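Chemist: The structure is given below, and queries will be raised subsequently.
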Amino acid sequence: MNQFIDIHPKVLDALRSGKPVVALESTIIAHGMPYPKNVETALNVEKIVEQNGAIPATIAIIDGRIKVGLNPNELTSLGKLSNVLKVSKRDIPYCVIKKYSGATTVSATILIADMVGIKVFATGGIGGVHKDAAATFDISRDLEEISEKQVAVVSAGAKAILDLDLTLEYLETKGVEVIGYKTSEFPAFFSNASGLNTTFQLDEASQIAQLMYTKWNMGLSGGIVVANPIPQNYAIDKDSLDKAISSAILSAKDNKITGKELTPYLLKMLHSNKDITSLESNIGLIYNNAKIAALIAVEFSKL
């Protein structure tokens, strides 16, 4: 294995024996939620993956070592620290040589999962094309990594703060299938009403696993996006959500928040908005994605 990577013994055993494994990102722990809710949520996500038959592998960088699978102490430490870097692909070598701790974004998690052979990854929502990207060129690295690596990404669509239409256009250009799990409408993270179509709809985890297997055994490159709608009891009314997002974006512009700081800032603004329950919704959709990802990983391990 890569000299810079430490794989948790349980994860390593699963990979060597062909057992199902689900990769999990760590940005949500360090930058997505306040402590202690972040640690509690991350531990519950791992539990949900296990309860549905797969081995969880939370990915992060701890003191310059890339970790695939965290122990509870490492996970708690990551949730408590205030100086944890937000690590995308370009930041990994810097974080390693400086022996820093870093929380991996969707793109970095996909990259590391692919390095060690994990084929399924659960997250809240993927990054994508930001609003006003025509002027700012702010497009998440997540989309490139999804298009290049053979990993299935289970998410509640793309984060609601993004331009969802352009995000889907970008994925289409890159040849990435967007599979709606039991839906033909692309979910909008906190809401299921985007008015946009997925590439295909599949209703069974086994069908998604078969599509992954077929695509990659045909020699086709790249991953797939499994768009899994937020459970209805956690969904936020679209009009209320749109107002909250507009307010958050305006605040970001006023405070000149850009680049890698933008998404955490916008999500923080949504979580603090008293008119919506975005933190509870975020947790609900992540739990749901972890369950579906585990079911897909189990089915894929049978092929």
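Heads up, the Cβ atoms here are built off N, Cα and C, so glycines get one too.
Here Swiss-Prot flags Glu25 as active site, proton donor, drawing on sequence analysis. What Swiss-Prot records for Lys86, Val106, Ser140, Arg141, Asp142 is substrate binding site. The Mn(2+) binding site annotation in Swiss-Prot covers Asp138. According to Swiss-Prot, the feature active site, nucleophile maps to Lys159, an assignment based on sequence analysis.
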Chemist: Fill in the CA-CA distance, Ser140 (substrate binding site) to Lys159 (active site, nucleophile), as an integer in Å.
Modeler: 11
Chemist: Report the same-chain neighbours of Lys159 (active site, nucleophile): residues 6+ apart in sequence with Cβ closer than 8 Å to its Cβ, ordered by sequence.
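Modeler: Expected: Gly124, Gly125, Ile126, Gly127, Gly128, Phe189, Thr263, Leu267.
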Chemist: Please find, for Lys86, Val106, Ser140, Arg141, Asp142 as listed binding substrate, the greatest distance between any two Cα atoms, in Å.
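Modeler: Per the listed residues, the maximum Cα distance equals 13 Å.
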Chemist: Just the number: how many Å between the Cα atoms of Asp142 (substrate binding site) and Glu25 (active site, proton donor)?
Modeler: 12
Chemist: Taking each of Lys86, Val106, Asp138, Arg141 in turn, which of these binding-site residues have a Cα lying within 10 angstroms of the Cα of Glu25 (active site, proton donor)?
Modeler: Val106
Chemist: Secondary structure at Ser140 (substrate binding site) (DSSP, helix/strand/coil)?
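Modeler: In three-state terms, Ser140 (substrate binding site) counts as coil.
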Chemist: Work out the three-state DSSP category of the residue listed as 'active site, proton donor'.
Modeler: coil
Chemist: Based on Cβ atoms within 10 Å, give me the single least packed residue among the recorded positions Glu25, Asp138, Asp142.
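Modeler: Among the recorded positions Glu25, Asp138, Asp142, the lowest count of other Cβ atoms within 10 Å belongs to Asp138.
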Chemist: Other than Lys86, Val106, Ser140, Arg141, Asp142, which residues of the same chain sit close to substrate? List them in sequence order, counting a residue when its Cβ is within 8 Å of the Cβ centroid of the site.
Modeler: Ser88, Thr105, Ser107, Ala108, Ile126, Gly127, Glu145
Chemist: Any idea what the Cα distance is from the residue listed as 'Mn(2+) binding site' over to Val106 (substrate binding site), rounded to a whole Å?
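Modeler: So the Cα of Val106 (substrate binding site) lies 16 Å away from that of the residue listed as 'Mn(2+) binding site'.
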Chemist: Please state whether DSSP places Val106 (substrate binding site) in a helix, a strand or coil.
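Modeler: In the DSSP reduction, Val106 (substrate binding site) maps to helix.
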